[in-house]
Amino acid sequence: QIFNQHNAEAPNLEPAFRRMAQMEPNLDHDVSWFLLPSYWAKMVVALISFLCFANSYDGDFVFDDSEAIINNKDLRAETPLGDLWYHDFWGSKLSSNTSHKSYRPLTVLTFRINYLFAGGFYPVGFHVINIILHCAISVLMVDVFSILLGGLQFSNKGRRLNLAPKSSLLAALLFAVHPVHTECVAGIVGRADLLCALFFLLSFLGYCKAFKENKEGHTFSVFWVLVSVVLGAIAMLCKEQGITILGLNAVFDALVINKINLLELIRKLLYKDKSLENAGLLRKGLLFRITLLMCGGAGILYIRWRIMGTGPPAFTEVDNPASFADSLFVRAINYNYYYSLNAWLLLCPWWLCFDWSMGCIPLIKSVSDWRIIALAALWFCLIGLICQALCSEDSHKRRILTLGLGFLIIPFLPASNLFFRVGFVVAERVIYLPSIGYCILFTYGFSLLSKQAKKKKILAVAVLGILLINVMRCALRSSQWRSEEQLFRSALSVCPLNAKVHYNVGKNLADKGNQSAAIKYYREAVRLNPKYVHAMNNLGNILKERNELHEAEELLSLAVQIQPDFAAAWMNLGIVQNSLRRFEEAEQSYWTAIKHRKKYPDCYYNLGRLYADLNRHIDALNAWRNATVLKPEHSLAWNNMIILLDNTGNLAQAEAVGREALELIPNDHSLMFSLANVLGKSQKYKESEALFLKAIKANPNAASYHGNLAVLYHRWGNLDLAKKHYEVSLKLDPMAPGTKENYNLLRRKLEQLQKKGG
């Protein structure tokens with residue numbers, strides 16, 4: 001559908017977008033930079049953006065990747081595709097009180113496709129897609145910047161012209177190599193930002209295509225306006241920021257297509273000037289297009305609201321301390337300080353951190369805090385740019401500055417805390433789209449300097465130096481994102497006051513078995529944040545394993561006191577109390593954990609162990625059965641059921657449970673071993689032998705497997721095979737209980753047989 005509207009007051013006026021280049025100065029005239037054909041410019045941008053982040057292709061799953069990908073059931077084939085539309089980014093139901101309400105089903109769908117094609121959780125495929133997406137976005141930026149910096153004009157054949165090839169190349173290179181983008185590219189969960197940016201830019205380019213004059217001379221195409229709205233909706237389904245493109249399309253329409261002077265428009269609105277129509281609001285269908293954008297945006301937000309529910313996301317004070325401040329003054333001051341830090345990351349992206357919460361940025365509580373200077377500097381620059389954008393007599397300057405500020409500020413609004421509380425202090429990923437505005441302003445500033453500079457080559461070399469430094473910084477930062485150890489340790493120098501940084505370093509060390517070093521970092525995390533219950537829980541776990549039970553109990557008791565619904569801490573407290581032989585308290589702790597987390601198989605498993613220690617065999621079996629119902633692959637619970645039934649003489653029941661377990665977990669060698677023992681006692685020697693041999697094949701260095709198989713052969717009368725496996729068992733573990741005695745009995749028997757034979 002094509003919309004045609006004639007302007008009665010200016011019958012001979014050509015569409016504004018056809019004459020813009022003739023009426024305004026060309027930005028490229030003052031820019032001392034490389035001039036390349038469009039194809040080569042895009043190839044250069046693609047190659048350089050690839051080089052920046054190529055070394056992240058073989059990185060691990062790090063930080064948030066675990067929750068969003070590895071632990072997200074929405075990626076698995078058994079989860080219905082329809083569930084993606086009712087779950088948040090992390091796989092939780094949007095209706096849940098614990099959901100962060102981050103609704104990004106299309107991003108999760110791409111993760112699912114990655115998972116299915118790779119045949120499992122292999123990070124290479126995930127990383128490669130992220131790198132390709134960033135390269136594609138950087139290439140698209142050449143076209144986007146050519147419009148934003150040079151204007152929109154089409155040739156007689158309907159082909160869009162690049163009126164600022166040098167400026168658009170420079171701006172696209174600045175975008176491609178900006179180190180602040182590393183989190184989005186090298187961190188797999190950053191795909192949400194990449195996909196959002198891709199459809200964000202496609203929506204903008206689609207909107208521009210609406211003004212391509214066709215053969216009938218129609219002014220604009222409603223079809224392409226609607227396409228841009230649909231692409232904006234897709235961008236929002238990748239990440240929430242995507243909806244802001246509709247506002248930016250409206251700004252672009254007003255400034256570039258209709259060439260509205262905002263200051264003049266404000267004056268006419270204030271004085272109710274009758275010539276308001278001449279300001280361009282009613283010409284060329286602007287109001288109609290803005291109405292389409294507004295209706296589309298309102299419809300998208302309404303649907304999103306209905307799916308998400310009315311409840312706001314649940315965040316804690318440590319996620320965003322300023323938003324929990326009682327004083328409006330403290331909140332306002334700190335929000336503005338956060339804005340200045342984001343601006344600084346764009347200007348000087350040297351100090352980068354995977355997480356800026358938990359004390360990394362202490363609150364400003366007084367005007368005497370020296371950091372107020374950063375706020376003043378930010379607003380001094382912004383007000384200066386806004387004044388120039390509104391009041392400059394140069395329409396070209398007004399347009400570029402307004403578009404630069406628009407692309408800098410509008411995509412950042414969802415992360416600004418102005419409309420709703422967000423779950424972070426500073427997040428490098430949310431600057432991916434606003435960096436477009438930064439690149440516009442930087443390029444325009446460079447053109448102004450080039451115009452004034454006598455030695456333009458020196459200025460060009462300086463910019464080349466900045467690009468080269470950024471490339472190296474991207475490569476270095478990408479290498480840090482390849483593993484959690486490097487990523488977490490890199491943050492220690494940037495945010496030494498961040499308790500979460502110390503916690504993550506400690507957790508990484510604990511996972512590698514370095515408990516002594518992990519304790520040091522966990523203690524520091526608790527010192528920096530005395531209410532950090534997760535650090536207390538993990539530290540208590542390590543102390544429990546080191547048999548430092550009393551300190552472990554103190555830490556875990558404090559954790560559940562601070563957060564009474566912390567199920568994991570209640571379970572671990574129960575384990576410690578069980579070790580201290582305070583059985584009633586342990587049982588109470590386990591049931592409290594289950595009360596707060598209904599589906600908690602590990603807690604049922606530990607409860608079963610407690611009941612087994614108390615000889616409450618029926619209760620123990622029931623607890624372990626609950627664990628296997630909730631988690632059918634819970635090998636330890638199955639094993640304990642088999643062993644308990646075996647020890648109490650219920651061989652038939654033990655055999656039935658063992659067979660049921662092996663049907664569910666057919667490759668678990670410990671289950672094979674336990675069932676083989678039961679079958680041996682039931683004199684089913686052949687089947688028992690087969691299971692023992694299968695278990696030994698899966699785990700050949702288990703001394704007990706060889707020892708028990710030897711006992712089976714001993715009972716069965718295969719004495720030579722019994723002797724062989726006794727010897728293997730003793731070789732693997734000379735102190736194996738009972739094996740040496742059984743071996744000596746066998747040797748004596750063999751000697752007696754030899755004497756009789758002699």
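Each residue, glycine too, has its Cβ placed from N, Cα and C.
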Scan 337-358, 403-424 against TrEMBL and say which stretch is down as transmembrane segment.
403-424
Taking 3+ C-beta pairs under 8 angstroms (sequence gap of 6 or more) as contact, is the transmembrane segment (430-449) in contact with the transmembrane segment (188-208)?
yes
Using a cut-off of under 8 Å between C-beta atoms, tell me which stretch among 33-54, 220-237, 286-305, 458-476 contacts the transmembrane segment (131-151) the most.
33-54
Criterion met for the transmembrane segment (403-424) and the transmembrane segment (458-476) (at least three Cβ pairs under 8 Å):
no
Average the per-residue pLDDT over the domain 'DUF1736' (311-383) and send me the rounded value.
89
Long-range CB partners for the transmembrane segment (243-266) (under 8 A, at least six residues beyond its ends), listed in sequence order, are 16-17, 20, 147-148, 151-152, 200, 203-204, 207-208, 211, 228-229, 231-233, 235-236, 279-281, 283-284, 286, 289-290, 293-294, 296-297, 300-301, 389-391, 395, 398-399, 402-403, 406-407, 410-411, 413-414, 433
Same-chain residues at least 6 beyond the ends of the transmembrane segment (286-305) with CB under 8 Å of its CB atoms are 3, 5, 103, 210, 220, 222, 225-226, 229, 232-233, 236, 243, 246-247, 249-250, 253-254, 257-258, 280
